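Heads up, the thing below is written out as structure tokens.
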Amino acid sequence: MSNASLVTAFILMGLPHAPALDAPLFGIFLVVYVLTVLGNLLILLVIRADSHLHTPMYSFLTNLSFIDMWFSTVTVPKMLMTLVSPSGRAISFHSCVAQLYFFHFLGSTECFLYAVMSYDRYLAISYPLRYTRMMNGSRCALLAIGTWLSGSLHSAVQTILTFHLPYCGPNRIQHYLCDAPPVLKLACADTTAIEIVIFVTVGIVASGCFLLIVVSYVSIIYSILRIHTSEGRCRAFQTCASHCIVVLCFFGPGLFIYLRPGSRKAVDGVVAVFYTVLTPLLNPVVYTLRNKEVKKALLKLKYKVAHSQSK
């Protein structure tokens, strides 16, 4: 970090809202956060407990649940603190650095993971007889590790580019978290080149992953249409529907915030709620309510728990 960084703490201005809404918003976000953590923990427990779910698809879902649980934890608790009292809005310089790093680390890892999951579904539907050989345990592990390493590298670039600049004046961040665009507005130096580099790197990652997902699903749809039985086509569509719902909810707001021209306005904070607060909750909801195998595993786990308590 630069020695000229005189700012020792930032002030998170939070979501734009009327003061009278502090208590209702606190209650809503607290409930959503608790449900997110419990829901994703439940998915992790169910997949771990049921041997029938020890497949590449559910291995990637395990990674997704773990990411969503911590992605929400990186942002929501601090957001809740900003709603409780003015002093809760303060965040130290080093805590801001850490939050920005883990926010982009988990977010970009999830971005890469969605692309890997779509590739996995493409192999499963297009090559059902060769799938277990093509997506074996070692290849599944390598793809999962690759998403984490890629996310870590991408986040390190964002964090270094943002905080190597001097911060010596204003310290009010127009957001409820430390993200690169609103933080860069406070730098005591020209940020044009840095903003362009961040725009390009985020654009390459987000657009690249989204393009891979689109290509995978176009190929999947083509393969589904070649399935002769209507039951087989319906089952194949149901397998991918849940993934598509979560992907659209994650990429839509993210692309809107990071890849649109113009200044970053208060609306960005509101839109960011969708992929920082709501999308992590969607994962357990969608994958349990729309997935027959997970629902069956949940019932088995419930039966085991009830049976052990009755002894």
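Every residue, even glycine, has its Cβ placed from backbone N, Cα and C.
Unlike curated records, TrEMBL annotations are generated automatically.
If you look up TrEMBL, you'll see 30-48 (among others) marked as transmembrane segment. Residues 54, 58, 61-62, 65-66, 68-69, 72-73, 76-77, 80, 277-278, 280-281, 283-285, 287-288, 294, 297-298, 301 of the same chain, all 6+ positions outside the transmembrane segment (30-48), place their C-beta atoms under 8 angstroms from a C-beta of that stretch.
As annotated by TrEMBL, domain 'G-protein coupled receptors family 1 profile' applies to 39-287. Mean pLDDT, taken over the domain 'G-protein coupled receptors family 1 profile' (39-287), works out to 87 on the 0 to 100 scale.
Taken from TrEMBL, the feature transmembrane segment applies to 60-80 (among others). For the transmembrane segment (60-80), the list of distant contacts is 12, 14-15, 26, 29-30, 32-33, 36-37, 40-41, 43-44, 47-48, 91, 99, 102-103, 106-107, 109-110, 113, 116-117, 120, 140, 143-144, 147, 176-177, 276-277, 279-281, 283-284, 287: same-chain residues at least six beyond its ends, Cβ to Cβ under 8 Å.
The feature transmembrane segment is assigned by TrEMBL to 100-119 (among others).
Long-range contacts of the transmembrane segment (140-161) within its own chain (CB-CB distance under 8 A, at least 6 residues past either end) are made by residues 56, 59-60, 63, 97, 100-113, 116, 119-120, 180, 194, 197-198, 201-202, 205. The transmembrane segment annotation in TrEMBL covers 140-161 (among others).
Residues or ranges marked as transmembrane segment in TrEMBL: 196-225 (among others).
The feature transmembrane segment is assigned by TrEMBL to 237-258 (among others).
Through the fold, the transmembrane segment (270-289) approaches residues 15-16, 29, 32-33, 35-36, 39-40, 42-43, 61, 64-65, 68-69, 71-72, 75-76, 79, 103, 107, 175-177, 179, 242, 245-246, 249-250, 252-254, 256-257, 295, 298 of its own chain, all at least 6 residues removed from its boundaries and within a Cβ separation under 8 Å. Annotation source TrEMBL lists transmembrane segment at 270-289 (among others).
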